[in-house]
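Worksheet for the structure shown next.
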Ligand code: CP
Ligand code: NVA
C-alpha cells in the first residue's frame, strides 16, 4: 500500500488488517505515541471540513507526528502553479500528503508527481477515510461485517462509492436506493459488483423504496454534495420518498442509522432518527481518527 486514493485499491486482507489495526490503536493509544515520530504531514483542503481536518490533525498529534494545514479554499490547487509542482515541492519537506479536492484527478496527480504517500480526504469520486471509519463502526457493532445487510439511501455520491467498494471487498450485502438519475457511477457499480461476486457479497441497486425491507443499518448522506450545483427545491421534490424517518427505519426493520455528517435534519433524515438511539453518527465520527491513524501507521511502516 503506497497511497490511499480509493478503498477499491485494497485487497480484502489489507482492508481487514487496517480495521484490526484501527481497533488496536483505539484500544491501546499509548503503544502508538511515537509511531509518527519525526514525520510531517501536509494537509491540502480545497473544500470545507470539520471532522476530516480535526481528526487528521489531532490523530497525527497523538501518533507523535506534526501536521501542517494548507488552506486552498481561496484558490484551487493548480491555479498559482501546476499540481505536479505542488506535489514535487511538498515531497521535498513532508512525509505524506492528505488532500481534499474537487476533482479526483487532482489527487491522482499529487500521487503521480509527488514522492510521498497521498491520502484522499474526499474527492468528487471517493471518501475512503469515511468508508474505513464506517466499516470499523459496523464491525464494532456486528463483529463479522460480511454478515451485515447495509442499505444506502439517497444520492449516489463519493460516500456511496466508498461504501460500495468496502462492502464488496468485505463480502457484505449493500443495497443502494436512489431516485432515478441519481445513481452512483455506472462503471464503478460494475467494478464493485465484480468485487462483491469475488468475495461473496452482493450489491443491489434500485429506485424502489420498498426494497428497503430487511436491512440491519440504513445509511444516508446529504442530497447535495460540496461542488454540486443542484437546486434544493427540485432535489427535495425528487428525494422526498428517500428521507430516512421512523417509518422508513421500521419498514427496513433496521437497528442502526448511519450518516457521514454534516447532516441536514428534516431533509435527508429526520432529527428524531439522526439524534435517536439507533444513530451511530458519533461512533462514526470518532472512528474517523482511529481509521486514519491506522492508514498513517501502515503507510509509514512500509
Ligand atoms: N464526514 C466528513 O468528511 O466530514 P467533514 O466534511 O466535516 O470533514
Ligand atoms: N457527499 C458529501 C460528503 C461530505 C462529507 C460531499 O461530498 O459533500
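Yeah, the Cβs are placed from backbone N, Cα and C, and that goes for glycine too.
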Per TrEMBL, 100, 127, 128, 129, 130, 260, 261 bind carbamoyl phosphate; matching candidate in 33, 288: 288
Same-site L-ornithine binder from 158, 187, 245, 287, given that TrEMBL records 221, 225, 226: 158
Distance-selected binding-site residues near ligand 2 (C-beta under 6 Å), from 100, 128, 129, 158, 260, 261: 158, 260
Chain-mates of 158, 221, 225, 226 with C-beta within 8 Å of site centroid, L-ornithine: 122, 127, 155, 157, 159, 222, 227, 228
Cβ under 6 Å from ligand 1: qualifying binding-site residues of 221, 225, 261: 261
Where the record names 100, 127, 128, 129, 130, 260, 261, 288 as binding carbamoyl phosphate, the maximum Cα to Cα distance in Å: 16
Top Cα neighbour of residue 288 (carbamoyl phosphate binding site) in the set of binding-site residues 221, 225, 226: 221
Binding-site residues compared (130, 158, 225) - the one with the fewest other Cβ atoms within 10 Å: 225
